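Inspection log for the structure reproduced underneath, given as structure tokens.
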Amino acid sequence: MSLLQTLGWETALYAFALWLLSVQGWGPGDVVWSLWSTSLITGYITLLVTIIGGGATLAARGGGGLGAFAILLAGAAFMLAFFSVHFGMFHVIHSVFLNLFFPLVEWGRQEPDLLVQAQTYLMRCFEAYPAFIALCVLSHVPAWRRPASLRHGMTAPYANVVKLHLIIMAIGFSQAASAEYATVIVFLGVYFLPLGAIWRAVRGVPRDATAAS
């Protein structure tokens, strides 16, 4: 997919997301929770796409037979387990703090354990923001279609976490100036639009140069 095609695709998603926010009358908290759930979903999808792509490449090269397949399967299981502990638990703990600043569920005095809380938040997001979450997930499709190394598959999900943190921090600071909605518009542009690809195109660097490393 060319840069112009990607720009058209992701610009349309960005515009639709802004329209949806306006129609639904959602505030910054709704955006933050949507991005939290999207970060968790796309993180796992990115890792799985990378693992499957690696397996397909190995099969296409005809290398290794059953021994290589067994090693690949064991490695994939280890990566998924490690990823779930590190990346998954990060989102679990993150959700607890998010609920303090942007209340999604009122627990009262009957607050369950962390995993139950995170599962409840995720289900509530699916119920409240399905269309917006779908838009956010679709914005990652161009990246999933490009070949990526295992390192990229493990680190790319954390780039979305950084974006989420920047949005939360910016909204927090902008609330004092009553400019949180303008901040949401700007940072959703950062989230949806392929600014890195645009910058690499300006510099004359191929889009796949970083993904292949």
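Glycine too: its Cβ is placed from the backbone N, Cα and C atoms.
If you look up TrEMBL, you'll see 7-27 (among others) marked as transmembrane segment.
According to TrEMBL, the feature transmembrane segment maps to 33-56 (among others).
Same-chain neighbours of the transmembrane segment (68-101): 29, 32-33, 36, 39-40, 43-44, 47, 51, 54-55, 58, 114-115, 117-118, 121, 150, 154, 157-158, 161, 168, 172, counting only residues six or more beyond its ends whose CB sits under 8 Å from a CB of the stretch. The feature transmembrane segment is assigned by TrEMBL to 68-101 (among others).
Per TrEMBL, the feature transmembrane segment maps to 121-144 (among others).
The feature transmembrane segment is assigned by TrEMBL to 156-175 (among others). Remote same-chain partners of the transmembrane segment (156-175), defined as residues 6 or more beyond its termini with a Cβ less than 8 Å from a stretch Cβ, comprise 28, 31-32, 35-36, 38-39, 42-44, 46-47, 87, 90, 98, 101, 143, 148, 182-184, 186-188, 190-191.
Annotation source TrEMBL lists transmembrane segment at 181-199 (among others).
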